[in-house]
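Undergrad: Can you read through this structure? Questions will come right after.
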Amino acid sequence: MMNRFRKWLYKPKRSDPQLLAQFYYADEELNQVATELDSLDGRKDPQRCTLLVNQFRSCQDNVLNIINQIMDECIPEERANRDFCVKFPEEIRHDNLAGQLWFGAECLAAGSIIMNREIESMAMRPLAKDLTRSLEEVRNITRDQALRDLNHYTERIKEALRHFDGLFAEFELSYVSAMVPVKSPKEYYIQQEVIVLFCETVERALKLEYLTQDMIDDYEPALMFTIPRLAIVCGLVIYSEGPLNLDRKPEDMSELFRPFRTLLRKIRDLLQTLTEEELMTLERSLCISQDGEFPTSSTNDPSASTGPDSQTEELEKEKGVEEVVDLTLFVTQEDSVWKEEEEKQVLPESSSESEEEEPIDADLACSMQYDEEEIEQLNMMVHQVGDEMSTLLSPPSQNQSPAHRPRPYNGSSLEGSSATSSTQASPRRAPGSYHDDDRVFFMDDLESGLSSELCRGQLPLPTVCLRSPEGSSCNGWLTVCQSSDATNLGCQRKLSQSTESVGNSDRMVNGWEGLQDEDSVQTAEEIANRTGGMKLSATVIFNPHSPSLSDLAVVLPQSADAPEGGEGGALVATQCLLNSCVCCAGGCVDNHEDAMEPAGRSMALGFEKHKLTITSSVIQSAVAAGSPGKGNGHLPLTLPPSQGHLTHSVPNCSVQNQAREDEGSQDGIHYPCCEKCSPGVLLAQDRGSGHEGGPSCTLQDTGCQTQHNASVKGRSECFGKQSKDDNRKINSSSQESPLSSVPSSDIDGVSVTTCSLSSSYAPSPVSSLTTSSDMSEDLDHQEIQVALQAAKLAAHNKIRSRFHSSSDLIHRLFVCISGVADQLQTNYASDLRSILKTLFEVMATKTDQGDNEKPKKGPCLGSAVLEDCALCQETISSSELAAKAREGQFEDPPEWVPDEACNSCIACKAPFTVIRRKHHCRSCGKIFCSRCSSHSAPLPRYGQMKPVRVCTHCYMFHVTPFYSDRTGI
């Protein structure tokens, strides 16, 4: 009774702008529609029921909007946190989301279950009941206050609003998370990094004129494909520490690129071998949407015409950019890259099967496919291309895959073919299998790492020639040039010694093929143990029984009368281990031969990752590189400086055995020695060795007598006896000083003491080479640089040797990068669309927006009003429109804007093109693009009872904002 009097006395006017008055009439309208809907039988009049349901949801949304404004005015500092809303997909972030949540809460509270979300529905039902009760309480309290004082909010209202706001925020997160995937805070942050990468990519593309600002402002459709492609290149090469940093853990990567992690590693390694010109060519190609426009003209490989001097200049440029990293980490990471997934696929052996797969590879070259069959092929592209591409980027495996086992071929010898042919560029290819060259990729299983390949001799190595110091040194270090001697690529290489006193024992190893004695196979670790447990400066492991060991040879100074022989496996392995200069206490390792008279002589250097450690006194490193071939991207390799063709002997050697001294001091012997230790160099003089004319050195005699005419076998046996005595000495010796033993080996003898950086023999005043710790650190740093550069050269040459030319490499990169980028359009369309939308907002030309830039605090009725919208200017209520529809009083539909009068979308201003077509809204008659008019709803005021196309604005504010035949409740 009191409420009736209060309503009669204090009922607010409909025109009152105060929020409590607006809420009163909005709540009244909602109750009227709810009452009519309850009394209606939906089976008898389904169309009427549909209209009432849509009107009911519209009224709910109106009530919630007003409550939201009341909370902003009543409890502005006590609102619930809604930062999680930024993680919601763009499709559901609109002003009428609150009404949908209310409708969902009522359905759940009444016992309904969300389709395919039974568990989530059961979990949310208690929260939904609490929310509906709280909302009813807020409505009753606010309605009662509207009949009292419109300018005052009681404490009871504030408390009810706080409780409702917290429950509503909790239900919003739970309900939306159950319906659509919602990112975690970490995933959202990673996506923000991807957006930054895309923006940086576009900014760089604008500077390099790959793109134009007009294309950004006009929302060019081709940019949806171009920008992700360029972003992959920039993320792997330019901004390598960003979200595409492949050194991160997989869970730290964006979910967009995580499935392509292995393939991205391969792409990154290929991109790092490109020159600046090749990279620009690739990026320009990625900006072309039609594959037919890809440049197919074969260009000469820039590396083919790049001389040692220009390579040195390029290296100096790279030094200014790249940090010198720890060599152990570098090699470990390089090896780990090649081990991941190469066992997953093996190409068929028969050429007919390979030829059948060629059309598939040809189809992969297309970056955009629209019919169903090609889309299916595109979905398979990432895995297929990734597997096939592994061979291009990976070193050969320890066990050859069936596709690359040696095949019989007639009349084709390696020596008879061109030294620069593509089949010789990679010794892994069988000379008769030329059809492999036409394939997109080859496949090798990556069972083992690069060190195992060195053991088996299956890794091609670069031709290194040492030249005279004049005009060929770089900061005192010799450079590497490609040997012009084509015979270095042959199967047979010679190993000879220049010792005159033991000429009868000289041996020549022809391709290592004659070494079949199992006992002659010696690893570096075994030799280290036999020589007293010393840490060798160069760890090289050879397997003389490898069938392809002809590609791995050590060329030493050769005497004219060196006879050939089939023995000496242990000798060869030991010679390789001793083939380094260890004259400096700080660890100066020279991985080159110093007495190579022919300029075309090559030297093979290798490393084993398990033995590769870097300390202040020990560096066990060597170089693995690819054989020169067509398409190689040669990088300069700097080796420790040499005095050219050194012929200096070591006069100041203190020995305990005269026979050993006679052998070690002959004029014809050339000791591996670096520039820092050779006579006449200031650095050697500053070491305070106490001797002039050359470095001090000491031969540690162990009681093993060596005869001048002893055979190699006898020397090996003597060498084995010596190791026992050495081991006894090691156990009792002191290791207080990291003094180095100078190598004094005869080139043909293995019984002499090996060179070492961390010898455990007792220090001798005569053999000590003292130096400061600073000098040692400097030398270590230089050696790390040398080994790092050598390893990079090896990896780059290995990769480039598998391609015919530069254009071939660029085209295959184009295929792979386009495949990954275009796959994002299918697998992650929503995320990519959100990223590109933010990108266009940031990179588009800024215009003066005035008051439109003011952020909205929340859903607001005023924000829905458009000045040029006739429907927004109407004052008629939705209930009046419903009454007219019931009476059959239909209005005339609005006039359509002529097609020629509009060239861009009314909403997003995107220009219309052949792809972006014009669409009229049936509610307002204006022209929109397909994205801005993607909704359908009935228009009862115009007599349209079936859903028709309407724009987003009309759908949200003027017709049936919640109509959808895809409702999940």
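Glycine is no exception: its Cβ is also placed from the backbone N, Cα and C atoms.
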Undergrad: Pick from 336-360, 686-710: which stretch is listed in Swiss-Prot under region 'Disordered'?
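TA: Among 336-360, 686-710, the range Swiss-Prot annotates as region 'Disordered' is 336-360.
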Undergrad: Using DSSP, how many residues of the zinc finger (899-959) fall into helix, strand and coil, respectively?
TA: 12 helix, 18 strand, 31 coil
Undergrad: Give the distance between the Cα atoms of CYS921 (Zn(2+) 2 binding site) and CYS929 (Zn(2+) 1 binding site), rounded to the nearest whole Å.
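TA: It is 10 Å, counting Cα to Cα.
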Undergrad: Can you work out the mean pLDDT of the predicted model over the zinc finger (899-959)?
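TA: Overall, the zinc finger (899-959) comes to a mean pLDDT of 86.
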Undergrad: Between CYS908 (Zn(2+) 1 binding site) and LYS87 (ubiquitin cross-link), what C-alpha distance do you get in Å?
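TA: LYS87 (ubiquitin cross-link) has its Cα 23 Å from the Cα of CYS908 (Zn(2+) 1 binding site).
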Undergrad: If one measures from the C-alpha of CYS932 (Zn(2+) 1 binding site) to the C-alpha of CYS951 (Zn(2+) 2 binding site), what distance in angstrom results, rounded to a whole number?
TA: 6
Undergrad: List the residues of the same chain that sit at least 6 positions away from CYS929 (Zn(2+) 1 binding site) in sequence and have their Cβ under 8 Å from its Cβ, in sequence order, or write 'none'.
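TA: Residues satisfying the criterion: CYS905, ALA907, CYS908, ALA910, PHE912, ARG916, ARG917, LYS918, HIS919.
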Undergrad: Under DSSP, is LYS87 (ubiquitin cross-link) helix, strand or coil?
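TA: Looking at the DSSP assignment, LYS87 (ubiquitin cross-link) belongs to a helix.
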Undergrad: What other residues of the same chain, not counting CYS921, CYS924, CYS951, CYS954, have a CB atom within 8 A of the CB centroid of the Zn(2+) 2 site?
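TA: So the extra residues in range turn out to be ARG922, SER923, GLY925, LYS926, PHE928, SER933, VAL950, THR952, HIS953, TYR955, HIS958.
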Undergrad: Let me know the most crowded of the binding-site residues, choosing from CYS908, CYS921, CYS924, CYS932 and counting other Cβ atoms within 10 Å.
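TA: Per the Cβ count within 10 Å, the most buried is CYS921.
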Undergrad: Could you give the Cα-Cα distance between LYS87 (ubiquitin cross-link) and CYS951 (Zn(2+) 2 binding site), in whole Å?
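TA: One finds 25 Å between the Cα atoms of these residues.
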Undergrad: Taking the Cβ of CYS954 (Zn(2+) 2 binding site) as the centre, count every other Cβ atom within 10 Å, in any protein chain shown.
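TA: For CYS954 (Zn(2+) 2 binding site), the 10 Å Cβ neighbour count is 25.
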